[in-house]
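Trainee: Pulled these features from TrEMBL for this protein:
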{"type": "BINDING", "residues": "A:195, A:221, A:240, A:327, A:457, A:462", "note": "substrate binding site"}
{"type": "ACT_SITE", "residues": "A:240", "note": "active site, nucleophile"}
């Protein structure tokens, strides 16, 4: 009853010159901290256990505090499908009321959706690490028999069981003397976190707190399935973002959790690579007090505020490394939403813009497509209706030149496309949206959507 | 304080053989209905007005009912930034209490975020169409002077003003005799809707209703910024999906709106190309009664149910054409979520899976990556908590072979990867998720995320 008619092919064939554009090298972002900035009282290593098939590739990391009363805090994914290591960490932290001395991390297999075997494997990793940890603690400081004090993180493929014997053997056979606080060992530990990451993500710094110098070091890994939404344990959440931060500051467990929750909301929960939540997302924080400072045991002290803000700034640095190394990313984009009635509204709009496939492909194409920013803004459900005539959109150049208004109070500006092109050609860019509805603001960090993103995720079983 | 260390480049370079995979031709989906299936009492045309620069490319469509009392219903985008034609349509339908005789459509420019000038332009399009419409109505049937009865739709670039003089001239200079009910004119009208579409999307069918044969015809266009969420007028919503359905059935305006709202929820609001909502999304429905049937004026009649279900089935066909022609799409995927406590929960999960960049790139890569389906499912906020141990995921082949279970009650199956590969290599596929939480279900239609999607959206200012 119907006859076929000829039609024109879409003329947007993938052209050679577009494809010639490759992800810029991120090598310069790989740095090893100097020994002075690394927290006291921690020893670490990264080894090849054989989770990853390629010989010599590091896939197992171990981090130990040599102080008996080390505080621990954690934020986990909100995904309904919690991976075994997440469930085990929640259990350990509940048993110990926020104390943990060690963390074991493997890459190459997420131990997620692995049923009872997966849970048993995660517990076996904890037990093996507990045994090693007890050798490192001061005499007489070992926990009671059967009481766990180690935490576990896994990242990699979902739905496959760990090669658990290889992991346990690697831990058991590890010479205690191979654990150390050297920058080289920290770098090896960071490498053991990596999946599709192109560089180990390790940072450290020191700051004054309570009259003492304290040190903080952190490792994290991305780089896909990144759109975390994490809350404090034992609130269940989602993952393929792993973060581990250790400090020689002295902070009591509940206060440490309070600081971490605040910091994660403003760092790891404000980044997006692809808008997908994982089953393993975990950020752990250990504080062992080896700096000799007096313990912070209240959130109302001045020291708490200093610590919380330093931690937030440090966590934001670590989180931004994940975006910079986002799968296929060629741009690093800050999305700042201001003039919102509430912080949550600002965060929602920033998240919507940061995860829009159309905004992200336009950024890749270096196209000043503010219409897509506006469409994403307008499709967000807020606590109050958006008034189109109060909304403004601008690009903020990173070279210090004046801001480029695109839309002012709902009316399009006559945009200098040549200048827009110059701004967009830089690797770093800020998009600013002013809703004109209030005084709250939030920032989000995102990357673009490139051909390479599709290649990586079309080929990689994660 | 920190020294750079060398690191390995990510080894997922865009390989030539992956890029050689191009979007399959959709030419076979372009069909022109036979004259018998086209609704009586409508005349149409598609012309080149000059909104698009390329000479001869159709960019202006006109559809007229020759019956005086034609009923009209509409669903519009929920985006906060409503394009001028959406605001004007809402105003016309309110003025006329759901009566309209004509529709004017342009492609090439969305007339969105165009301020007061944009509103004036949209009203000018309506007035010019009113004047032409009055020449086509039976003698004495013209509406009162100054009363509008035409509707307007625009699609294309956001933030630019229409070349309004060209459009008005084209309408004024159009010979009335060039309007007709021929399949060729319908095809030209469908072509005038196209932006990045690779074929005109036109369908027609006939069915029995109230003892008469009635006919229904529809045109729509995609193919990016497709994740509609539309409600009935005048509820304000979002767009770059345009749909126009006309029928010679006789249905009173409020009953027509009720049928359209039901149909749109189960068709246009259940498709996704990229998860982005537009400022112009509009689906219009005209019913002129030229079939001679008795008017349906109640939603409780048997005829209403027949009409509503035929309309829903027809709208789903039209909506699926948009997904099949999704920008860069190489796959057509049905996501069926069942065992949900409510229809809304099922729709939410289906939407989350259908918009996941990781699921869509895995589909492009023909990878049986059920872990990503599960991660998307688990990150959806539902009315009740998901119990991982009751969730099952399967692939439903489209060749009639047995279903392929991937996850049963939370436990991974031993998947035959070779068979999974065969199923995934087909253009059509169904992903089924059973939540094991109730009896409600919903289906969503989506496509994959390809290199060509990135190319199209990195290059095209939409």
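The backbone N, Cα and C atoms fix where each Cβ goes, and this holds for glycine too.
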Trainee: Using DSSP reduced to three states, classify residue A:240 (substrate binding site) as helix, strand or coil.
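Mentor: It is coil.
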Trainee: Filter the binding-site residues A:195, A:221, A:457 down to the ones with a Cβ under 8 Å from chain B's Cβ atoms, keeping sequence order.
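Mentor: In terms of proximity to chain B, the binding-site residues that count are A:457, given in sequence order.
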Trainee: By a simple count, how many Cβ atoms lie within 10 Å of the Cβ of residue A:327 (substrate binding site), its own Cβ left out?
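Mentor: Its Cβ has 32 other Cβ atoms within 10 Å.
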Trainee: Neighbour count first, Cβ atoms within 10 Å, every protein chain included; then name which of A:195, A:240 tops the list of binding-site residues.
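Mentor: Checking each of A:195, A:240, the winner is A:240.
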Trainee: Measure the Cβ-based neighbour count of residue A:457 (substrate binding site), defined as the other Cβ atoms within 10 Å of its Cβ.
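Mentor: The answer is 30.
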Trainee: Other than its own, how many Cβ atoms are within 10 Å of the Cβ belonging to residue A:221 (substrate binding site)?
Mentor: 28
